[in-house]
Amino acid sequence: MAASLYSLSALDYVIIVGTFSVSAFIGVFFACFGGRQKTSEEYFLGNRRMGVIPVIISMTVTVMSAITYLGVPGEVYMLGPKFGLMFVSKFVVAFLTTTFFLPVFYRLRIVSVYEYYDRRFNVAVRYSILVAEFAHAMLYCGVVIYIPSLALSTITGVNLSLCVIAVGAVCTFYTTIGGFKAVSKTNFTCIFLTQAAVMTVGFLLIIVVGTVRIGGAAEGWRLAKEGQRTQLVDFSLDPTVRYTFWTIMVGGSFMYLMINGSKQAVIQRFNSCKTETQAKVVAWFGIVGMGVVEMLAVICGMVVYAWYAHCDPITSGRIISRDQLIPLVVMDLFHDVPGLPGIAIAGAFCASLSSVSSLINSLAAITGETLVKSRWKSMSESFYAKVVKLISAGYGVIGICVGLLSSSLGTVIQIVLSLGGIFGGPGLGVMCLGIFVPRADSRSALCGLIVAVAVGLTLEVGARMTGSRAQPNLPLSVEGCEALNVTSDFATSIVMPTTEDRNYYATNTPVYPPHSNESTRIGFFAISNLHYSTISTLVTVLVGLLVSYLPGNKSESDPAFFTPFIQKYYFNNKGTTLKTVDVDKEEISEDEPHEMNEFLKKS
């Protein structure tokens with residue numbers, strides 16, 4: 001059981017409360033003075049007039065939530081720096097997204113990505129994916145709210161439930177009141193007021209100060225080598241190993257392609273840009289920006305390991321989860337500097353606010369466009385905008401409830417990878433069928449989706465029931481805790497060992513054996529959950545392709561539904577005349593008699 005470690009200063013509390021206040025104020029400001037949001041396009045897309053920089057930052061922090069800020073360093077602490085290879089996969093994802101996926105969404109000028117599923121296939125496909133995505137989004141939302149709340153509660157002693165309610169309530173308030181402009185502007189503000197101080201400057205502070213305190217980079221690398229944490233790339237072909245070169249480059253690419261190629265929260269940001277060129281700039285910088293933040297998190301995780309190399313705070317009982325390591329090391333390093341711990345805690349909450357607000361806004365867009373507008377077509381735009389605000393508030397409440405129940409979900413990184421693969425991968429598979437396979441129809445998409453979700457659930461349930469996913473953690477030591485004056489009461493400061501102490505530990509420190517469950521591991525269930533997105537996407541596509549060749553296939557053939565590559569090489573070869581759209585115009589005129597306008601009018 002974790003002990004109470006530190007007391008935050010008055011300045012720390014001012015910073016934390018100020019973060020919440022600024023976020024809430026931005027929602028009120030854009031609701032009152034940011035121009036009335038009378039239509040759904042204004043509420044969800046900022047009237048397609050958002051600037052490039054705010055949208056890049058909004059997109060980056062939407063994906064790089066508290067899970068990155070707290071979860072990735074903990075993962076590196078336990079398993080080493082191989083997770084850093086994710087940075088390379090971002091360039092693959094950026095290329096695929098901007099070349100094949102983004103042009104389709106932008107040129108169709110959709111508010112909700114589920115409009116595409118309806119137009120390309122039918123309403124049954126739309127609702128089926130909607131159910132899967134809602135399950136994923138609500139569970140993810142709860143985890144994102146829970147993680148920083150757990151960190152703050154552990155350090156300050158504030159009731160965990162109150163922390164969850166606070167972050168969820170503030171986020172719901174400014175998202176509901178201010179709409180998409182508030183979400184993007186708040187994310188922009190969070191970056192420069194808190195996340196810039198934590199996920200960039202904060203990480204750098206931990207890296208620089210921590211490296212100096214442990215005796216330099218060479219000493220840090222020596223400690224990492226001693227702890228078996230210097231392997232950067234593992235070329236093993238074993239799919240059950242959590243992080244190998246192939247697992248990350250293939251599984252990681254599919255996972256982030258799923259996020260950037262089929263998720264409403266990201267596509268909504270692409271479509272909020274003035275031109276397609278700007279949207280592509282946003283995609284490149286946003287996706288690569290995610291990789292930069294992750295690299296800082298990886299390096300930070302290595303420094304944290306070196307800092308606790310001889311006194312693991314999890315084994316010794318200082319904390320109960322690897323997800324609490326960053327707040328702990330911040331307090332250990334900077335507890336005597338008023339304000340810095342507050343910035344770190346506020347940054348964790350700000351990271352959570354940015355992701356949850358984006359999820360709430362996108363879910364409201366999905367529900368409004370899919371359920372409300374399709375049933376009550378005569379509803380005025382001004383009244384519809386009010387309805388989706390109420391929907392946003394409802395989803396915020398659900399997110400808070402899930403957050404209160406999230407303690408049973410397990411390790412944050414692993415549950416996020418699993419959820420993304422089970423519920424998100426099939427959506428990417430259906431999207432690939434839609435934009436790449438002219439033969440695919442609604443029957444193909446539904447069959448692929450159902451089979452893929454079933455396969456993903458089987459993998460996850462089987463892994464949990466058999467314990468097959470249990471993998472060896474790298475060794476951890478607590479031998480140095482006594483010399484460091486870390487007792488059951490835990491002093492409020494940590495005195496790093498001298499050189500003589502380190503030499504003693506290097507030769508005399510026993511380590512805890514890796515936690516393994518080899519006797520119960522079953523190959524199929526032991527597969528790394530980073531492969532879940534790959535498996536579910538490929539299953540959807542392969543099953544869809546097979547079904548598309550069965551008798552009675554009825555596929556759509558409107559070129560507007562397909563990626564430019566398919567339009568050029570498939571439809572041109574069939575003799576279909578394609579008319580181009582000036583994608584760099586700020587808006588498409590209703591008077592222009594091109595094919596896209598005719599398609600939109602019919603829809």
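The backbone N, Cα and C atoms fix where each Cβ goes, glycine too.
Features reported for this protein in TrEMBL:
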type     : residues : note
TRANSMEM : 52-72    : transmembrane segment
TRANSMEM : 84-106   : transmembrane segment
TRANSMEM : 127-147  : transmembrane segment
TRANSMEM : 159-180  : transmembrane segment
TRANSMEM : 192-214  : transmembrane segment
TRANSMEM : 243-260  : transmembrane segment
TRANSMEM : 281-308  : transmembrane segment
TRANSMEM : 343-366  : transmembrane segment
TRANSMEM : 387-406  : transmembrane segment
TRANSMEM : 412-437  : transmembrane segment
TRANSMEM : 444-463  : transmembrane segment
TRANSMEM : 530-550  : transmembrane segment
Quiz prompt | Criterion met for the transmembrane segment (412-437) and the transmembrane segment (387-406) (at least three Cβ pairs under 8 Å) | solution = no
Exercise. Determine which residues of the chain contact the transmembrane segment (127-147) at the Cβ level, with the cut-off under 8 Å and only residues 6 or more beyond its ends counted.
Key: 65-67, 70-71, 114, 117, 164, 167-168, 171, 264, 323, 348, 352, 355-356, 359-360, 362-363, 366, 370, 395, 398-407, 409, 412, 415-416, 419-420, 422-424, 426-427, 430, 446, 449-450, 453
Quiz item: How about the transmembrane segment (84-106) and the transmembrane segment (387-406): do they have 3 or more C-beta pairs under 8 A, pairs 6 or more apart in sequence?
Solution: no
